[in-house]
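**Student:** Just lifted these from Swiss-Prot, have a look:
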type     : residues : note
DISULFID : 39-48    : disulfide bond
DISULFID : 61-67    : disulfide bond
SIGNAL   : 1-25     : signal peptide
């Protein structure tokens, strides 16, 4: 009778340990998501990369050169301060 109880205890203990380990393994081990990213890193194809235009648009004039547009430079700040600090004479 004692041997049967020990055998049942050990069997249940092994079963519980295997069950706990299998749940932890499913929770923490993640295999590569083949559906999310179909490209194989070992054999990349041109479809795997993001396409960029050959000649991206760039405006020829920058704020620092102050040509053809107002970038909110010194003149804009000066106008704002003049309107705020307008002192009646």
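Yeah, the Cβs are placed from backbone N, Cα and C, and that goes for glycine too.
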**Student:** Determine the Cβ neighbour count for residue 61 (disulfide bond): the number of other Cβ atoms within 10 Å of its Cβ.
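**Tutor:** The answer is 12.
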**Student:** I need the CA-to-CA distance for residue 39 (disulfide bond) versus residue 61 (disulfide bond), whole Å please.
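**Tutor:** One finds 40 Å between the Cα atoms of these residues.
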**Student:** Cα distance, residue 48 (disulfide bond) to residue 61 (disulfide bond), nearest Å?
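**Tutor:** Residue 48 (disulfide bond) has its Cα 35 Å from the Cα of residue 61 (disulfide bond).
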